[in-house]
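Right, one structure below, let's go through it.
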Amino acid sequence: MILLHFVYSLWALLLIPLINAEEFTPKVTKTIAQDSFEILSFDDSNTLIRKQDASVTISFDDGETWEKVEGIEDEITWIYIDPFNRHDRAVATSMYESRLYITNDQGKSWERITLPDSEKNISSRGCYIETHPLNKNYFLAKCNYCEKTEVDNEENSGDEEGAPVIFNITHCTDKVFASNDGGKSFSEIKSSLERNENSAISISDCGFAKTGKDSDLESSDTSIICLFQNMQLIMDEFSSPYTESKLVLTTDWGKSLKEFDQFKDKVVNGYRILKSHMVVITQGDRYNDMSSMDVWVSNDLSNFKMAYMPTQLRHSMQGEIYEDAMGRIILPMSRERSDQEEDKGIVSEILISDSQGLKFSPIPWTANEVFGYINLYQPTYLKGTMIASLYPLSRRRNRKGKAKGVKNKGVTKISVDNGLTWTVLKVVDPDNADSFDCDITDFENCSLQNMFYTREGSTPTAGILMTTGIVGDGSVFDWGDQRTFISRDGGLTWKLAFDFPCLYAVGDYGNVIVAIPYNADEDDDPQSEFYYSLDQGKTWTEYQLETTIYPNEVMNTTPDGSGAKFILNGFTLAHMDGTTNFIYAIDFSTAFNDKTCEENDFEDWNLAEGKCVNGVKYKIRRRKQDAQCLVKKVFEDLQLFETACDKCTEADYECAFEFVRDATGKCVPDYNLIVLSDVCDKTKKKTVPVKPLQLVKGDKCKKPMTVKSVDISCEGVPKKGTNDKEIVVTENKFDFKIQFYQYFDTVTDESLLMINSRGEAYISHDGGQTIRRFDSNGETIIEVVFNPYYNSSAYLFGSKGSIFSTHDRGYSFMTAKLPEARQLGMPLDFNAKAQDTFIYYGGKNCESILSPECHAVAYLTNDGGETFTEMLDNAIHCEFAGSLFKYPSNEDMVMCQVKEKSSQTRSLVSSTDFFQDDKNTVFENIIGYLSTGGYIIVAVPHENNELRAYVTIDGTEFAEAKFPYDEDVGKQEAFTILESEKGSIFLHLATNLVPGRDFGNLLKSNSNGTSFVTLEHAVNRNTFGYVDFEKIQGLEGIILTNIVSNSDKVAENKEDKQLKTKITFNEGSDWNFLKPPKRDSEGKKFSCSSKSLDECSLHLHGYTERKDIRDTYSSGSALGMMFGVGNVGPNLLPYKECSTFFTTDGGETWAEVKKTPHQWEYGDHGGILVLVPENSETDSISYSTDFGKTWKDYKFCADKVLVKDITTVPRDSALRFLLFGEAADIGGSSFRTYTIDFRNIFERQCDFDITGKESADYKYSPLSSKSNCLFGHQTEFLRKTDENCFIGNIPLSEFSRNIKNCSCTRQDFECDYNFYKANDGTCKLVKGLSPANAADVCKKEPDLIEYFESSGYRKIPLSTCEGGLKLDAPSSPHACPGKEKEFKEKYSVSAGPFAFIFISILLIIFFAAWFVYDRGIRRNGGFARFGEIRLGDDGLIENNNTDRVVNNIVKSGFYVFSNIGSLLQHTKTNIAHVISKIRGRFGNRTGPSYSSLIHDQFLDEADDLLAGHDEDANDLSSFMDQGSNFEIEEDDVPTLEEEHTSYTDQPTTTDVPDALPEGNEENIDRPDSTAPSNENQ
């Protein structure tokens, strides 16, 4: 019995505390408020403040009671706690101009601070105070001012001072004021940039160099860093603001400013001052705010070094840059998102520097994974711990467009050793294992995934963490499936806390936890509640709230996490006039009967499982989980105990700058980093020893490791002081080949998409520096299609019926399923005016592609592929015709080529409602059709196996294209559309189709594409329809072609093709061979020396031989520049025997730059030119920065590779190039890419006037040294003059000016239809043919009443010449049929008005004559005094001025007639005398008649008038009278059987100028590819 009593007593003694614990209820106090969403707490105090409406309220008892503060008279917009004086100082900003309120005693009293008065018509948008970490009296006030509008001034003219105003944000200015006396007085730190009238925004951003009490930066307490910027937002053609900036240092409160020299010629985008580093970010291109950026790092505010970046930084989140405990810089990067996407500005990549801050690298396991949102969380109280999450930017959609979850796998990982090793977040929770959809013991495929772990607001605990997320393999993440988890070991393992997501907060160092569901209905109870745990999350108790609220925040009232009191702030939308807040103060301080923990209630918890981190072992003393007490050390920070590790290990080291970690984690030399470092600058030897490891800065291990040096090769490494030193190369190696690549044509970044030999897709957003694999979920990519009208869009076709679409250059992909049809490999057809509308072609009834029932179906989508509808059966090619024409007959028109299953013919049909009800057959039988440059051209079969072409410019009216009748044009069996810009179509009509011996005629159309003339004969083509034809980009009218010079022999199969290159400068009217340079690249004369270009000229390999049709001669960006591989001689030699040539004046003069064939690429609008050997291994490239005058070699890799291709962005405006190469490795070959960055070789960016005016770096100049007229005008182009600066994102092609319009010459005209150019240069009618029926124009334009006959010439459409020759002068007008009456009315004159005018003139003449006779002759004696009157005689009657005028007229008339009479008499006498002598000497021989003399005289005068035009019109005898209709001589016109040539005979050359004349520098932009060849055959 005694024993039982003892047991009962012991049981009661043990159970009572547990009963008390279970019965414990926290004290909860509710406060109702309006519009209060943020509560702030002073550190180490019970005082809280919050903004309620426009006032400030305060609580001195941890939120149980609240009152309005005294001393603040204004309405308040914002309050914040001073981060350096969190115990007692807060600031409230006033709604009114230039006023703030500050407290230094935890809100008990407030002092009003007034900043200096603003200028007239300037309004403040608010001010912010920044304080100093060491001196409480040091303030920096930052204010933003904007110009007041006229409405502001009117409305507020009579208001009291300080009244709120409306401001105009179009012109805003930042101002910074400094105070060193606690705000009693302020002085402005004025910007050192002068604001001009174009500046829309002026920014001043200043900050103290000391950012914390533990700052390691070498600076004084009064050091202030300021960044001043002027930005112009509206820039006409420019898409980005122009920015100028200055970064300065002041130590005397702004009285003097010292600019940082390293950034004088750069655009500083922003800066960040950290504990031991200052980071400065500069913008690569001042004219493109999306250009790549450079990161500069300093630890003394004096010397800055450029950090190495593994990728291009384009959108930094400067406010998020921070420094971890090791001194490493954490650099988050955002990206530009598509306008269609909702979430923007999300961190897309995180780079982490080494401890020196100079070499950045991505989180290792995210470097080559799918691109996505990245989040990094580093709890400061858990040294070495990092939690990172990757959320992919690719989502899957089904056919109906409903989201089915994340397509690519996301992942969350943790590291406890500063990122050296990473593991997944393991779920160790056997009790809840069945509640998860995967096996939680399979950690790699079943772990906790958390997408957003915030760095801010974390409360220190002894390894106790909470988060929300889902458990799985990362392939599915549905926000509705999130649950709440808890960890007690610093995040290594987790267990389930709640089946729903919660807001949470911890107190008493993690011993008290409060959690509230986001949604009150989560637990099937509509009322709100919160849960709390007093045993570190082991058990939970529910506390019911009487009101349903939306929780806004839950927080511990002590920021250091030591207290046990909490604030829960929630709101309800029940009231129509706004939100109502319910603020709950929750007090756990009396838990466990108010018991305080004793020593035996604690245990040691070791960070990182007891391993060394930073050379130290860390531990924390924490309460045991089941202890029945609270720590109750309120306002004491969590204590971390350190024990230095005796021996240093590799974990305490990082790779030296010149080394990188390989796949095994070993630090190996990196050639590109060696080039950037200075290790080879200090030695003349071939190798230099370098230690691969360096101790991490700040590591505390005691005994360093012995690190052996590695010999680094310095052969080929550029030395300091050379430009080559500044070139940055990034190498990537692959175990596959890249078979396809294409850039997205935007200035936003340098994104490109690549497909390898395995059908895998890879994406790079930095020009190939970093390359990421696209996860297609196991599907092979079988085709890639880029949208030609929307440069950020592309579509990838998967082998299993998926289509992956991107509209943001490959950052994110949407996945949809194609219709249930067989993929036929046909390209998509896009709507030019609707991004999400396109047509897909699939095979129906195609169990086998050879099945007779298998046929194509056109499917239409209007939502980017989410849904498809069947549009037209048997359609094999469609066009959104209405979106292509300038003036379509119907904007919704669609044209389709249809091939019925039962027929071998194809038809062309159209519809205006996507073939729902409207279907119109345009042609019953066609070969094919294509669209180009606003035309649609249809090839229609004709009798005798011939073709006919029909053209439309509106989709309704079709006209037959009339080809010229010529002796060498047989059947029209094949033609190729070459180009269709500037109102004409260039077409190649094949005249010989024998494989390997193909050639034909080059034709050009009129403006509506219906009438063609021959420009050149025997132009080379290949069997695939490609033609040696290339229009020079960026310049008008310059075309290069290759002709088959022995076409007759080739057609007869007697000889192989012999090609010659010809050039035209007036769009094909005249052709010449290329003038060769005098000497080769070695200064030697060429072997052929004939002065005839027919025998010795330059020839280039053309379009038909290119491996990649995008490798054009020219670039629209590099104006006038062309590269080509060819030779000087009578004909073109084989490719391997040729050299590389270059021109800067559009092909007028050339120079040999390399003795062997090279590949070329243009950069920076021609400011940087790069050559690389073709078909031979190399380790070097050649580059030029002076427009090809001089060339330098640069070694870009350690071993030789065979370069397959060199490329850059389509606009050729970047300073980065991408090389694709293949190198021999042990056991085989490896494919490699090299990104070569030339940004740093230029001293600065050229200074450009955005209005296009000349500046110190840009001048207007003609393309060549000769000021020739081209297309009737002389043009000058804006060109860079300084080779030491780079151009950047400036569209120089937009800046040219016409000096004058020239007189028309022969070069401004071309032959009209049915006319040909004869050997003498004139246009003559083909014998047997008639000119085109001029009256046909009356049928096309019914309103015309007249027409004109052709002169045989027509003016080149591009020509703007004025005056001069008028070879196209119209004939006399003829009446249009049926318009004779209107014609007669236009040109006839009625008799009545004509008679009236004639009689009136006669009367005027008669009256004037009578008046002169009456006043001047009759009154002075009549004609009797004729012989007496002399000039100046007196005696004439002159009573007034009229008499004097009349007498002067009479005297002058008599004088003139008198002299004429004398001259006639004298001439008569002399003639008679001469005739007498002639007759005496020659007897009866007769002389020339009078009319013959007059005619001869006219001819002499005509010769004078035509002086200077002889070479312009080779035979002008027919055109002496330019005012009348020309007659076309037919004496020299050959018959159809005769032979004639289509080009002007080549003049002999006496002096061929050297290429590359001085001053011929130019740069502009081109597309990445030429127009594709389109052939109908």
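Note: Cβ is positioned from N, Cα and C throughout, glycine not excepted.
As given in Swiss-Prot:
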{"type": "SIGNAL", "residues": "1-21", "note": "signal peptide"}
{"type": "TOPO_DOM", "residues": "22-1391", "note": "topological domain 'Lumenal'"}
{"type": "REPEAT", "residues": "58-68", "note": "repeat 'BNR 1'"}
{"type": "REPEAT", "residues": "101-111", "note": "repeat 'BNR 2'"}
{"type": "CARBOHYD", "residues": "ASN121", "note": "N-linked glycosylation site"}
{"type": "CARBOHYD", "residues": "ASN168", "note": "N-linked glycosylation site"}
{"type": "REPEAT", "residues": "179-187", "note": "repeat 'BNR 3'"}
{"type": "REPEAT", "residues": "414-423", "note": "repeat 'BNR 4'"}
{"type": "CARBOHYD", "residues": "ASN445", "note": "N-linked glycosylation site"}
{"type": "REPEAT", "residues": "485-495", "note": "repeat 'BNR 5'"}
{"type": "REPEAT", "residues": "531-541", "note": "repeat 'BNR 6'"}
{"type": "REPEAT", "residues": "762-771", "note": "repeat 'BNR 7'"}
{"type": "CARBOHYD", "residues": "ASN791", "note": "N-linked glycosylation site"}
{"type": "REPEAT", "residues": "859-869", "note": "repeat 'BNR 8'"}
{"type": "CARBOHYD", "residues": "ASN1008", "note": "N-linked glycosylation site"}
{"type": "REPEAT", "residues": "1141-1150", "note": "repeat 'BNR 9'"}
{"type": "REPEAT", "residues": "1183-1192", "note": "repeat 'BNR 10'"}
{"type": "CARBOHYD", "residues": "ASN1301", "note": "N-linked glycosylation site"}
{"type": "TRANSMEM", "residues": "1392-1412", "note": "transmembrane segment"}
{"type": "TOPO_DOM", "residues": "1413-1577", "note": "topological domain 'Cytoplasmic'"}
{"type": "REGION", "residues": "1531-1577", "note": "region 'Disordered'"}
Is the repeat 'BNR 7' (762-771) packed against any residues at least 6 beyond its ends, judged by a Cβ distance under 8 Å, and which are they?
-> 292, 310-312, 335, 362, 367-368, 371, 730, 732, 738, 749-756, 809-811, 1208-1209, 1214, 1216-1218, 1233-1235
Six or more residues out from either end of the repeat 'BNR 6' (531-541), which same-chain residues have a Cβ under 8 Å from its Cβ atoms?
-> 21-22, 24, 26, 464, 466, 486, 488, 495, 497-498, 502, 510-516, 586, 588, 591-592, 623, 625-626
Does DSSP give ASN1301 (N-linked glycosylation site) helix, strand or coil?
-> strand
Tertiary contacts of the repeat 'BNR 3' (179-187), defined by C-beta under 8 angstroms and 6+ residue spacing from its ends, are 102, 111, 113, 115-116, 129, 135-141, 222, 253-254
For the repeat 'BNR 10' (1183-1192), DSSP counts of helix, strand and coil?
-> 0 helix, 3 strand, 7 coil
Between ASN1301 (N-linked glycosylation site) and ASN445 (N-linked glycosylation site), find the distance joining the two CA atoms and give it rounded to the nearest Å.
-> 74
For ASN1301 (N-linked glycosylation site), list the number of other Cβ atoms lying within 10 Å of its Cβ atom.
-> 16
Taking the repeat 'BNR 7' (762-771) alone, what is its mean pLDDT?
-> 88
What's the CA to CA span in angstrom from ASN445 (N-linked glycosylation site) over to ASN791 (N-linked glycosylation site)?
-> 38
Could you give the residue numbers and ranges of same-chain residues that sit at least 6 residues beyond the repeat 'BNR 4' (414-423) on either side and whose C-beta is under 8 angstroms from one of its C-beta atoms?
-> 324, 326, 328, 352, 363-365, 382, 384-388, 443, 490-492, 607-609, 611, 613-614, 651
Candidates ASN445, ASN791: member of the glycosylation sites with the richest Cβ shell (10 Å) | ASN791
Reduce the DSSP letter at ASN445 (N-linked glycosylation site) to three states and note it down.
-> coil
Helix, strand, coil: count each for the residues of the repeat 'BNR 9' (1141-1150), based on DSSP.
-> 0 helix, 3 strand, 7 coil
Report the DSSP secondary-structure composition of the repeat 'BNR 4' (414-423) as helix, strand and coil residue counts.
-> 0 helix, 3 strand, 7 coil
